[in-house]
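Below is one structure, written out as structure tokens; comments come after it.
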Amino acid sequence: VLSPADKSNVKAAWDKVGGSAGDYGAEALERMFLSFPTTKTYFPHFDLSHGSAQVKGHGKKVGDALGNAVAHLDDLPGALSALSDLHAHKLRVDPVNFKLLSHCLLVTVACHHPNDFTPAVHASLDKFLANVSTVLVSKYR
């Protein structure tokens, strides 16, 4: 459960991401594909090269979904229900991949905002992304 301080940290960090959420999402995806090559198996139809339109497009979806989650911190299950259904029933993404992408998102935010990425912000974003991952895998059972 996110504390009031966590919620404040997440909102403040996401405000810094601002209109670049799609770019951060794409960068995190690229980082994930390079660091964890097995994740590429879910995107056999994508051009996974640096800067590809398909990775940018999916990065925008990731960024938009996270922005929606930040806007609904008190109701993540409601905000992410359709996405949970999609990943569990249609895409059948292995749940471990959400943890890998979360790690890559943390690294991406830290790289772009090193002075703002304090231990407290890091912990809050990590909790938030863990909560998002938990919601996304909730329909797997």
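Each Cβ is built from the backbone N, Cα and C atoms, and glycine gets one as well.
Feature list (source: Swiss-Prot):
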type	residues	note
BINDING	HIS58	O2 binding site
BINDING	HIS87	heme b binding site
DOMAIN	1-141	domain 'Globin'
MOD_RES	SER3	phosphoserine
MOD_RES	LYS7	N6-succinyllysine
MOD_RES	LYS11	N6-succinyllysine
MOD_RES	LYS16	N6-succinyllysine
MOD_RES	LYS16	N6-acetyllysine
MOD_RES	TYR24	phosphotyrosine
MOD_RES	SER49	phosphoserine
MOD_RES	SER102	phosphoserine
MOD_RES	THR108	phosphothreonine
MOD_RES	SER124	phosphoserine
MOD_RES	THR134	phosphothreonine
MOD_RES	SER138	phosphoserine
Roughly how many Å separate the Cα of SER124 (phosphoserine) from that of LYS7 (N6-succinyllysine), to the nearest whole number?
7
Report, in whole Å, the straight Cα-to-Cα distance of SER49 (phosphoserine) from SER3 (phosphoserine).
39
If you count other CB atoms within 10 A of each CB, which of LYS7, LYS11, LYS16, HIS87 wins among these recorded positions?
HIS87
With every protein chain in view, what's the tally of Cβ atoms within 10 Å of the Cβ of SER3 (phosphoserine), excluding that atom itself?
10
Which residue counts does DSSP yield for the domain 'Globin' (1-141) in the helix, strand and coil classes, in that order?
115 helix, 0 strand, 26 coil
Which whole-number value in Å describes the distance between the Cα atoms of THR108 (phosphothreonine) and the residue listed as 'phosphotyrosine'?
7
